[in-house]
Amino acid sequence: MFREYFKYYKSKWPIPDFKNVIDFRETKRRESEKEVLISRVPLNKDYVNFGLPLGVQPICNWQCYIVPKHPGLIMIRNAFTAQGQRYWMARCLKDFPKHPNRVNLNESLFSRDAIEDWWSALQQCCHKDDVKRLKNAMRWSTMGYQHNWDTKVYSEQFHSNFPKDLEKMCNFFAQILGYKTFEAQAAIVNYYPIGSTLSGHTDHSEPNQEAPLFSFSFGQTAIFLIGGLTLQVKPTALFLESGDILIMTCESRLCYHAVPRIMKARDEPWNEYITSSPSDLLKQTADRRVHKDFAQVKCNDTEFVQCSMDLTLYERVCNEAFWLPYKNYLQDSRININVRQVLNGGEETLTQ
């Protein structure tokens, strides 16, 4: 059943019918159906005035849903501002594929410079064929505990520093959802050109099978399939759009899932005109109010937290000239950041 639906939504011709794909924008129609496909979940009101990482919408603006057919699957929409989306897109393209993080680029096909700093090498390409080749070749980078695609296990041998801003951002969302002991320890950044896919699989490599998996979508839209513990279970199809956060907890994290299709987004919120940000205020107050990498400032009655973010980059993504190469990349591509905890509580290494 899973493979059948994967082939159906992957098909280039005939083009599949998307009427049965869950669209979280159409919540009123979905919630009124006989079979409840999604349900909106209110977030804890205690967090309404919680200090927000830069680029995150006030919690009262979020839309949080569960899919009753798939216990443990949570969707959060409208969590990021346009500037926040740009920041994480830029980090994924400019910084996260850099050495010592690992990437999929083959040493026999690409230069050492391209493998160690893919984005810089891409910007230096002069011929359109070279640009296309290098752009489409990049499919993943790994950070923190780096997944070994051959052995399907993690090891201390392949372990780089986990980005502090990504760690604090993920821990923030975990706290909001009640996962107070969650630690972001490993990340896979997937790069999807339109037309690419990710086949059905389960995420079972982590020793810690209890912690949630966080999946952040940016750029073009994906169809995401989530099935059951075997490939015989009929999957559910969801639209994942830019800024969406999909969280897989409990039994859902061991269910088969896949991405059979990347398609053009209905709109591009990451390209919206950005008028202002509180980052200048943060820069002015950071020297006076810093504690454990946090600087706080109040702007329009909302308290923002710097969370170890690159304030220079956060500011620069508002500049349309600086943003142009990122905009060009994203016009036909999707980025997914998949974050998970590897170690069990109380463990400091895999060798314990």
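The backbone N, Cα and C atoms fix where each Cβ goes, glycine too.
TrEMBL annotations:
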- 180-276: domain 'Fe2OG dioxygenase' (DOMAIN)
- His201, Asp203, His257: Fe cation binding site (BINDING)
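Summary for the binding-site residues His201, His257: the Cβ-based neighbour count within 10 Å is maximal at His257. Across the domain 'Fe2OG dioxygenase' (180-276), the DSSP tally of helix, strand and coil residues reads 8 helix, 41 strand, 48 coil.
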